[in-house]
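Lifted from Swiss-Prot, the feature list:
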- GLY70, GLY71, ARG92, ASN185: substrate binding site (BINDING)
- LYS35: site 'Transition state stabilizer' (SITE)
- LYS245: site 'Transition state stabilizer' (SITE)
Amino acid sequence: MRKQKMNRDWIATARTLSEALPYMQRYSGAVVVVKFGGNAMGDDEAMAEFARDIVLMKQVGIHPVVCHGGGPMINDLLGKLGIESRFVRGKRVTTRETVEVVEMVLSGLVNKRIVQAINDAGGRAVGISGKDDDLMVCEPDDPELGFVGRPVEMNVQIIRDLYNAGLIPVIAPVATGMEDNETFNVNGDTAAGAIAGALRADRLLLLTDVAGVKDASGEVLTAMHPDQVRAMIADGTIAGGMIPKTETALKALDEGVRAVVILDGRVPNACLLELFTEHGAGSLIRSTEPRVKPRGLRQGDSGL
């Protein structure tokens with residue numbers, strides 16, 4: 001009985017791999033930017049599973065670029081230091097006092113934890129921040145937010161150099177200001193969107209702690225046109241923390257990203273489900289093509 005069950009499991013695994021092959025072929029050579037949010041990081045096992053997904057993507061010819069957040073970790077350290085976390089319209093208020101803590105957590109703690117997890121999974125990851133090689137240069141986003149930056153200049157050649165050398169870039173969202181070399185905290189989604197736009201990425205995956213964008217009845221929408229997203233923001237269907245994520249998606253599409261997906265990073269193998277299965281995972285936003293595609297690929301159809 002045990003042998004029969006093992007055989008069935010092996011057959012199912014082999015079938016899954018076989019069905020994934022056309023999607024792996026489609027994405028070979030593609031640039032996929034993955035925003036790994038603090039809320040999606042979970043425990044060490046969740047981190048290890050995410051790292052294995054990223055290494056597999058690299059192994060099959062994708063160029064994954066990881067941009068991460070770290071809000072819960074920042075809140076935790078600020079709390080230990082007796083500093084209150086404040087937010088305006090869902091964005092962190094970053095004072096001169098807290099920006100050093102933010103940089104320490106993002107660049108020194110979270111970034112290196114992700115790099116180590118990817119390396120432990122057999123990949124070759126390199127951790128950098130938006131400051132390195134002037135990758136991201138910012139202006140103040142909003143006077144109410146303090147040292148929170150909005151990227152205005154991007155130099156992504158360092159990212160291309162890394163992934164073309166077989167490395168996996170892992171980017172902490174802190175950046176240099178246009179004036180006086182001030183340090184700015186950049187919202188993780190904003191940073192990922194700006195990086196994806198500058199790279200003209202094939203996919204931007206925004207991993208979060210919800211299943212995707214929901215309609216008025218609470219159902220997750222698996223595919224959306226940008227005009228539909230704008231209408232849902234205007235009528236209040238998209239609200240709260242989903243507004244900045246969908247606005248990031250729209251801006252990234254305007255800047256040349258082929259498609260954006262908002263998906264639940266807590267789901268095991270979420271990135272692989274999105275890229276290598278017929279129905280994907282989460283909410284896909286793009287201007288053309290439906291979510292559900294036939295298994296048989298048309299000659300010359302990139303499918304991205």
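Residue numbers in this text run from 1 along the chain shown.
Glycine residues also receive a Cβ, built from the backbone N, Cα and C atoms like all the rest.
In sequence order, ASP189, LEU206, THR208, ILE262 make up the list of same-chain residues 6 or more apart from LYS245 (site 'Transition state stabilizer') whose Cβ falls under 8 Å from its Cβ. Of all the binding-site residues listed here (GLY70, GLY71), it is GLY71 whose C-beta has the fewest other C-beta atoms within 10 angstroms.
DSSP assigns LYS245 (site 'Transition state stabilizer') to a helix in the three-state reduction. If you draw a 10 Å sphere around the CB of LYS35 (site 'Transition state stabilizer'), it holds 30 other CB atoms from the protein chains shown.
Residues GLY70, GLY71, ARG92, ASN185 are recorded as binding substrate; their most distant pair of Cα atoms lies 12 Å apart. The two recorded residues GLY71 (substrate binding site) and LYS35 (site 'Transition state stabilizer') have their Cα atoms spaced 13 Å from each other. Residue pair GLY70 (substrate binding site) / LYS35 (site 'Transition state stabilizer') shows a Cα separation of 11 Å.
Look at the Cβ of each of the binding-site residues ARG92, ASN185 and count the other Cβ atoms within 10 Å; the largest number goes with ASN185.
Between the alpha carbons (Cα) of ARG92 (substrate binding site) and LYS35 (site 'Transition state stabilizer') lies a span of roughly 17 Å.
On the backbone, the CA of ASN185 (substrate binding site) and the CA of LYS35 (site 'Transition state stabilizer') stand 16 Å apart.
Under DSSP, ARG92 (substrate binding site) is assigned to a strand (E or B) in the three-state scheme.
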